[in-house]
Every structure is written in C-alpha cells, then in structure tokens.
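Taken verbatim from TrEMBL:
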BINDING   Ser19, Asp22, Arg49  substrate binding site
DOMAIN    11-162  domain 'PurE'
TRANSMEM  68-96  transmembrane segment
TRANSMEM  116-140  transmembrane segment
Amino acid sequence: MVKPQEQSEAPLVGVVMGSKSDWETMRHASELLTQLQIPHETRVVSAHRTPERLFAYGREAEGRGLEIIIAGAGGAAHLPGMLAAISILPVLGVPVESRTLKGVDSLLSIVQMPRGVPVGTLAIGASGAANAALLAAAILGRKHPAVREALAAFRAAQTEAVGESPQ
Ligand code: RP5
C-alpha cells in the first residue's frame, strides 16, 4: 500500500520519454504524480536512438516493482508501442506535440496499435500527460487505498474550484 509522505519508496510508475525535449510535456505527468504522492521515476528511453536501453527497461520494469508505464514520444512515436510489446505492464501513451505536424503524427502512431498489443492513448501534449498521471492513479487506486484517496481529494478540489458564474 502506498502511504503519503513516502516518496522515497520504490517507484510504482515509470514515466519515460523519447527525448529530453519531451520533458516540457512529460513533466506534467511527473508533477501530478508527485502531487498525488505516487512514487515514480523519470527516464529518457529512445526507441530508435537507444534501442538496447528500451529493451532493458521493458524487460526489467515489472521485476523492479513498476505497475504502470507512462510513455511519451513525438513524431513516429514507437516508444509506447514497443514498451507495450516487451512488457506485460499497462502502458499509457502520451503523444508529444511535434513541430511539423503538431502531434497528429504522434497521436496516430500511438493510438493505431494493431490488435493484440494495446497502448492506452491520451490526448496530445500537456493535457494528455496530466491525464496519463490521473489515469495511472485511477488504476493504482484499485490496489492502493492511499492513491484512491489522493485521487478522490484531487477530484473534489477540482470540482470545488469551478464557480457557477462566468464573470
Ligand atoms: C522523438 O523525436 C522524441 O520523442 C521527440 O518527441 C522527437 C524529437 O526528438 P529530439 O530531436 O528533440 O531529440 O524521438
């Protein structure tokens, strides 16, 4: 069970990205996981520039105690799909906004997995990264009561913050 104030615990979520340049997007996942006090790690793992690192990460993830992988990449974004192919863990894919095609290329690369190896695909960019963390919390919350409570508190505060007046 994950307890609050135990950020030094072994990570439950791996937040990986294809490049350092993806951090500006993927930090939104990491920040929300921190806010919900979910132990996680962040790594750069490039499917095409560091393929050996990709295979090692995918093979070792479950054995190291990770329960979910959040993977963000841009362009021909094969990182989430490859991690889903190598690991049995649920993989949540975040399409990073690309310069030339605004992330539509990333979205289609991640969402169009052929039948048999799914990637749970989120929206393009920062909203997708934040929602990946919230979805990870919802999944973890089935097993870790403290995560469920943190997520419920987050949702309640979010609802409370929405005023009725538009002015
Ligand atoms: C992908 O290529 C990365 O996920 C990144 O979104 C994109 C561009 O990478 P850099 O050229 O900025 O390293 O592999």
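Backbone N, Cα and C define each Cβ position, glycine as well.
The structure, with features from TrEMBL marked on it.
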residue	record	CB count, 10 Å
Ser19	substrate binding site	17
Asp22	substrate binding site	24
Arg49	substrate binding site	11
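On the 0 to 100 pLDDT scale, the domain 'PurE' (11-162) averages 98 in the predicted structure. Sequence-remote contacts of a segment are chain residues at least 6 beyond its ends whose Cβ falls under 8 Å from one of its Cβ atoms, and for the transmembrane segment (116-140) they are 2, 12-13, 25-33, 36, 38, 67-68, 70-72, 80-81, 84-85, 90-97, 102-104, 106-107, 110, 147, 150-151, 154. The full span of the recorded substrate binding residues, Ser19, Asp22, Arg49, taken as their largest Cα to Cα distance, is 14 Å. Close to ligand 1, meaning a Cβ under 6 Å from one of its atoms, are these of the binding-site residues Ser19, Asp22, Arg49: Ser19, Asp22.
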